Amino acid sequence: MARKMLINGELEKSNQEESHYDFDLFVIGAGSGGVRASRFSAQFGAKVGICELPFHPISSEVIGGVGGTCVIRGCVPKKILVYGASFGPELELFLFEALLYSKPILFSQTLKFISCEIYNFWVRLDARNYGWELNEKIDFNWKKLLQKKTEEIIRLNGIYKRLLSNAGVKLYEGEGKVVGPNEVEVTQLDGTKICYSAKHILIATGGRAQRAAIPGQELAITSDEALSLDELPKRAVILGGGYIAIEFASIWRGMGCTVDLFFRKELPLRGFDDEMRAVVARNLEGRGINLHPRTSLTELVKTEEGIKVVTDHGEEIMADVVLFATGRVPNTKRLNLEAVDVELDKTGAIKVDEYSRTNIPSIWAIGDVTNRMNLTPVALMEGTLFAKTVFGGQPCKPDYSNIPCAIFCIPPLSVVGLSEEQAIEQAKGDVLVFTSTFNPMKNTVSGRQEKTIMKLVVDAETDKVLGASMCGPDAAEIMQVSVVFVQYFMNS
């Protein structure tokens, strides 16, 4: 006679009862979190299927791609553009220094000599692959950089597919939706629909950029389109004060565009350390970006000269492109979650418990679709811990404390742990703040007034590092050392 056991209060099912499922796990969404959860679950012995929308650099409700936002239309292509934009000011600096230390007889002859020397130097650093040429003058080829960016995301898209295949995960291209607590329907590229059953369903569909609800909003673009523009704009207007707005302002300005940045607060990057926010704002202005604090947009109008941008102060500015960097929303609209009563919050995000489980025991969710902490490394962590919890016999809760992040403006900002304001609010005793501010050596010749600042926030009684931040060249890499100290001290 077969025996059944109670596990966590639930009656254990026999192998015969479980065998009617097509999969142990079916994942909707093959971004960073979904791919990680699929692969790790398969390594634990689970039979896994995953579906993802067809690939395209610009997403929509029916377009996506294996790799998700980070790989296709987020971190990776954005950082390629940031790297490309960084060459412009650097080339100008090197040209300035070369002219300063040269003794020209004829300027044109000297420029040709300098051009050869600097050109050879920057070729070794792959400046040409980022669209820059230095002949008689500094030229930038936007289409060349765009091509390189597209080639890279196509390469990574292929790598992610191979990772799934090598792990034994079955990939379906098409749109997935939930039709039952243990059933997913996939609409394939030819329109046919196939249903698959699974003991567990994991939703990892991420999020999508949203537009500001103002007249003429259809004339604006989001970060998706900004990464794939056919032509580089000469005049750009950006609405938003978050990291996407700051990064694209730096990108376009570094490529020679006129940039006007509008945001609602006195300083950009709400929620970050106030002192670092002020530093970023000064750096943006120092590089020629026009800041418009406490200002929003009320209307966009198409004209023969471009897009007329109207502000809530009555100002009018002409632009070739208007970018809305006004937040992102979870991708839950087309998942049919209401049919199985999966609970959502007011933003449309899926509600989950501390183990990433929804109110329906067989359905789970990770990543941006849950709107917890919308960062790629966090989605990877949640995917890993999901696999361990469900298939590895190791129940694990994600830890969202002391997660580092970087804003890839030029120069970048990187932080980990508490800001000064958060530390003062949360600490039980006194807080010590240590800062170091200096002018990078290369700025002394160019005259650029752009200082690097480093900051540590420390518990006065225990000497534990509560938080660290840096704004300056290579901040994201340098901050890795501080991450180790903050996480060690906070966990000790």
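Each residue, glycine too, has its Cβ placed from N, Cα and C.
According to TrEMBL, the protein carries these features:
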DOMAIN    23-383  domain 'FAD/NAD(P)-binding'
DISULFID  Cys70-Cys75  disulfide bond
BINDING   Lys79, Gly176, Asp368  FAD binding site
BINDING   Gly240, Gly241, Gly242, Tyr243, Ile244, Ala245, Ile246, Glu247, Gly327  NAD(+) binding site
DOMAIN    403-488  domain 'Pyridine nucleotide-disulphide oxidoreductase dimerisation'
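Here the recorded positions are Cys75, Ile244, Ile246, and the one ringed by the most other CB atoms within 10 angstroms is Ile246. Note on proximity: of the recorded positions Cys70, Cys75, Ile244, Ile246, Gly327, the one nearest Gly176 (FAD binding site) is Cys70, by Cα distance.
In the predicted structure, the domain 'FAD/NAD(P)-binding' (23-383) carries a mean pLDDT of 91. Summary of the NAD(+) site environment: with the site residues Gly240, Gly241, Gly242, Tyr243, Ile244, Ala245, Ile246, Glu247, Gly327 set aside, the chain residues having Cβ atoms within 8 Å of the Cβ mean position are Phe248, Pro268, Leu269, Ala325. Taking CA atoms as the reference points, Lys79 (FAD binding site) and Cys70 (disulfide bond) are 10 Å apart.
Taking all protein chains in view, 17 other C-beta atoms sit within 10 angstroms of the C-beta of Lys79 (FAD binding site). Maximum C-alpha to C-alpha distance over the listed NAD(+)-binding residues Gly240, Gly241, Gly242, Tyr243, Ile244, Ala245, Ile246, Glu247, Gly327 is 14 Å. Cα spacing between Cys75 (disulfide bond) and Gly327 (NAD(+) binding site): 15 Å, rounded to the nearest whole number. Residue counts of the domain 'Pyridine nucleotide-disulphide oxidoreductase dimerisation' (403-488) by helix, strand and coil are 27 helix, 31 strand, 28 coil (DSSP-based). Burial estimate for the binding-site residues (Gly327, Asp368): highest at Asp368, by number of other CB atoms within 10 Å. In this structure, the CA atom of Asp368 (FAD binding site) is 16 Å away from the CA atom of Ile244 (NAD(+) binding site). Our reading of the FAD binding annotation (Lys79, Gly176, Asp368) yields a largest Cα to Cα distance of 30 angstrom. Of all the binding-site residues listed here (Gly176, Gly240, Gly242), it is Gly242 whose C-beta has the fewest other C-beta atoms within 10 angstroms. With a cut-off of 8 Å between CB atoms and residues at least 6 apart in sequence, the same chain places Gly31, Ser32, Val76, Thr376 near Cys70 (disulfide bond), listed in sequence order.
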